[in-house]
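Colleague: For reference, the structure I am asking about is given below.
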Amino acid sequence: MIEAAVSMSALGLGLGLLLGVAARRFHVESPPILDAIEGILPGTNCGACGYPGCRGLAEAMSEGAAPVTACAPGGRDVALALAAIVETDGGGGAVPGMAEAEPTVAFIFEDHCTGCMRCFKRCPTDAIIGANRQIHTVVTDACIGCNACIEACPTEAIVARVKPKTLKSWYWDKPRTAFEARDTEVAA
């Protein structure tokens with residue numbers, strides 16, 4: 001019994017040591033720009049950009065094959081941060097090809113839903129709830145607006161709608177000083 005425990009411990013220790021040496025010996029250094037781009041991307045690996053996950057999109061952006069506006073869930077803020085890293089001319093806060101848009105979420109018309117589970121399988125954040133051959137619905141707080149479910153729906157029961165304003169998603173405008181308010185009134 002003790003021999004078995006000692007042999008298993010020695011085997012585990014030896015293989016662990018071998019894996020540690022192999023990891024250091026065969027380590028491949030990735031370019032720093034690739035790690036920086038991947039750090040800015042949301043990391044949901046939804047595939048809405050057409051690349052296999054956020055790492056694939058980061059590789060394409062670092063090579064110049066993908067635009068900074070390719071990440072739909074990231075939106076304008078991610079595109080601006082990526083434009084600064086990839087050195088795209090942002091034009092004073094404007095990203096080429098990206099319009100100012102409000103965040104959207106998926107909405108399922110329940111009378112058209114057949115319960116085929118295709119949207120359920122495509123959602124990267126598990127925002128769609130429902131069972132097989134039952135009506136599905138979307139949890140708006142979990143939806144990132146990648147629109148992967150819209151493409152997967154065979155009955156076109158899913159549409160993108162503007163994210164409803166709730167206490168969690170609604171923000172006040174930035175307060176203005178008295179001088180800024182006065183300048184706005186004079187200009188009008």
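Every residue, even glycine, has its Cβ placed from backbone N, Cα and C.
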Colleague: From Cys71, Cys146, Cys153, grab the residue that Swiss-Prot records in the same [4Fe-4S] cluster 2 site as Cys113, Cys116, Cys119.
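Modeller: Of the residues offered, the record points to Cys153.
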Colleague: Please list, for the domain '4Fe-4S ferredoxin-type 1' (104-133), how many residues fall into helix, strand and coil according to DSSP.
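Modeller: Taking the domain '4Fe-4S ferredoxin-type 1' (104-133) as a whole: 5 helix, 7 strand, 18 coil.
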Colleague: Residues other than Cys113, Cys116, Cys119, Cys153 within 8 Å, Cβ to Cβ centroid, of the [4Fe-4S] cluster 2 site?
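Modeller: Going along the sequence, the neighbours appear as Ile108, Thr114, Gly115, Met117, Arg118, Phe120, His136, Cys149, Ala152, Pro154, Thr155, Ala157, Ile158.
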Colleague: What binding-site residues in the list Cys46, Cys54, Cys113, Cys116 lie within 10 angstroms of Cys123 ([4Fe-4S] cluster 3 binding site), counting C-alpha atoms?
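Modeller: Hits: Cys46.
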Colleague: The region 'Hydrophobic' (1-23): mean pLDDT?
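Modeller: Summarising the region 'Hydrophobic' (1-23) by its mean pLDDT gives 95.
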Colleague: For Cys149 ([4Fe-4S] cluster 3 binding site) and Cys119 ([4Fe-4S] cluster 2 binding site), what Cα-Cα distance in Å is obtained after rounding to a whole number?
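Modeller: Rounded to the nearest whole number, the Cα-Cα distance is 4 Å.
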Colleague: If you skip the near sequence neighbours and keep only those at least six away, which residues in the chain come within under 8 angstroms of Cys116 ([4Fe-4S] cluster 2 binding site), Cβ to Cβ?
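Modeller: Listed in sequence order: Pro154, Thr155.
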